[in-house]
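Now, the feature entries from Swiss-Prot:
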type	residues	note
ACT_SITE	147	active site
BINDING	146, 150, 227	Zn(2+) binding site
TRANSMEM	19-39	transmembrane segment
TRANSMEM	41-61	transmembrane segment
TRANSMEM	156-176	transmembrane segment
TRANSMEM	198-218	transmembrane segment
């Protein structure tokens, strides 16, 4: 298999993002159309559904980075208070040939980090306070280089859009569950032969079961090879694979789960924020394997 150039990888990520948005739109329309038909909302319901899908796709494309940052409680890193962090981000961005991304801080003891945005000109890097406390300069530089590699490779667009879409799926799951319990209560007060309520209950139950699986499949669609590529690319940007390898060793030794995160955003982070090992549907390769590959690199 021939190696792909950076430009080919970037173009592939953009194509996958558009394909993902189109596929998700069709699935969402199919789900919405059922409710339009069931409640007999007619043409008005179809028009409103179409408007919602277009609006949501625009938000997912244009505002997904802001949503991702807000969902984890990230705040802008004060340049004076976090001078060293800003300095490292600027150095690595310059070496990678991209504009300096916005820098955010997340009040969290778990050492972790992620990048978000739609392109190198509209990107952000977020690190936890735990990461800053545990890492020395070389290790922090390695982590930042990994995240900036995601920005340069344009992984961030697909990763962030997937996070927003997965969030909607989880929200729909929760709405279905509430509707199901509400429907059960209502059905006891109505005629036992109310077939409509029974149908809604069945659909709600099915969706509540498959929704988590849908999220896992979506997350796994983001290839684990992207993490290997970002590790290697980051190491070459700073000419040092050992900084990131050492950082991953420290990150891997911390098993306490992150306080503020969800299945929708887990794939954004450099390491699994739930503090547990995953094999099936995992979006991150094993940290041990990542460290092994980094230490085998020659600069």
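Just so it is clear, glycine is given a Cβ too, placed from its N, Cα and C backbone atoms.
Quick caveat, the model's predicted, so the values are computed rather than measured.
Overlay of Swiss-Prot feature records on the structure.
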| residue | record | Cβ within 10 Å |
| --- | --- | --- |
| 146 | Zn(2+) binding site | 30 |
| 147 | active site | 28 |
| 150 | Zn(2+) binding site | 27 |
| 227 | Zn(2+) binding site | 23 |
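Other residues of the same chain near the Zn(2+) site, with their Cβ within 8 Å of the Cβ centroid of 146, 150, 227, are 115, 147, 149, 155, 226, 229, 230, 231, 233, 234, 270.
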